[in-house]
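Chemist: For 6-29, 36-52, 72-90, 126-147, 159-178, 184-205, the entry in TrEMBL reads transmembrane segment. What TrEMBL records for 14-87, 102-175 is domain 'Glycine transporter'.
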Amino acid sequence: MLDTNWLLLNGTILFDIIGTLAFALSGLIEAARKKLDIVGMAMVSGLAAFGGGTLRDILLDRRPFLWVENEIWVWVLILICIGALLFIRARHLEPTERAMQWPDAIGLGAFTAGGTQLALTAGVPVVISVIMGVLTAIFGGVLRDIVVNEIPKAFSDHIPYAVIAFTGGWVVVGLNLLNIDAFVAVAVGAIFTIVLRVLALLFGWRLPIWKI
């Protein structure tokens, strides 16, 4: 069962959960766009939600995984999928790529900041900690896109994504170097990353396309 007191005392895990739920929603919307059935929706949503954090924990040799230790989040994911499927069908909504991008931005910020802080707490060098934050933030979305037979958007839509995560990770590192409280560092890093991603989406910021 989930230890609520432990959760409230550990801000990085709180942001891990925020990122998990946000990416679960992004995966669900993407699965609905592809008109997958409930099993497909659960699979895509689960990969988006748990993929990045699981890869990070494997690389950091951190056990048990959040979703293995606290099975309540698996049930929450299943309920979200069922509820969203019923809601979309009842309202005759048309899931769009734009709708998927907003929860994806929240997940990007939460996972970037939380993943970076977890790595720093584990004693990993700062640049590797930032890379861990980036991997946490983008890997679930990469799996989501691959499963629905698309080139991962993190690599192909040219709107800054991994670059924004990399920048947000350094914000967390900088605040830690200033001896700012870890929870505050994660919160500020997450908000910074989310805002930067939203601005990139709203104003159409683009990375250059390299031509050979």
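Here the Cβ of each residue, glycine as well, is placed from N, Cα and C on the backbone.
So where do these features actually land, and what's packed around them?
Modeler: Mean per-residue pLDDT, taken over the domain 'Glycine transporter' (14-87), amounts to 85.
The list of residues near the transmembrane segment (36-52) in space but at least 6 beyond its ends in sequence, with Cβ under 8 angstroms from a Cβ of it, reads 19-21, 23-28, 30, 65-67, 74, 77-78, 80-82, 84-85, 107, 111, 115, 135-144, 147-148.
Same-chain neighbours of the transmembrane segment (184-205): 11-12, 15, 18, 101-102, 105-106, 108-110, 112-114, 116-117, 137, 159-161, 164-165, 167-169, 171-172, 175-176, counting only residues six or more beyond its ends whose CB sits under 8 Å from a CB of the stretch.
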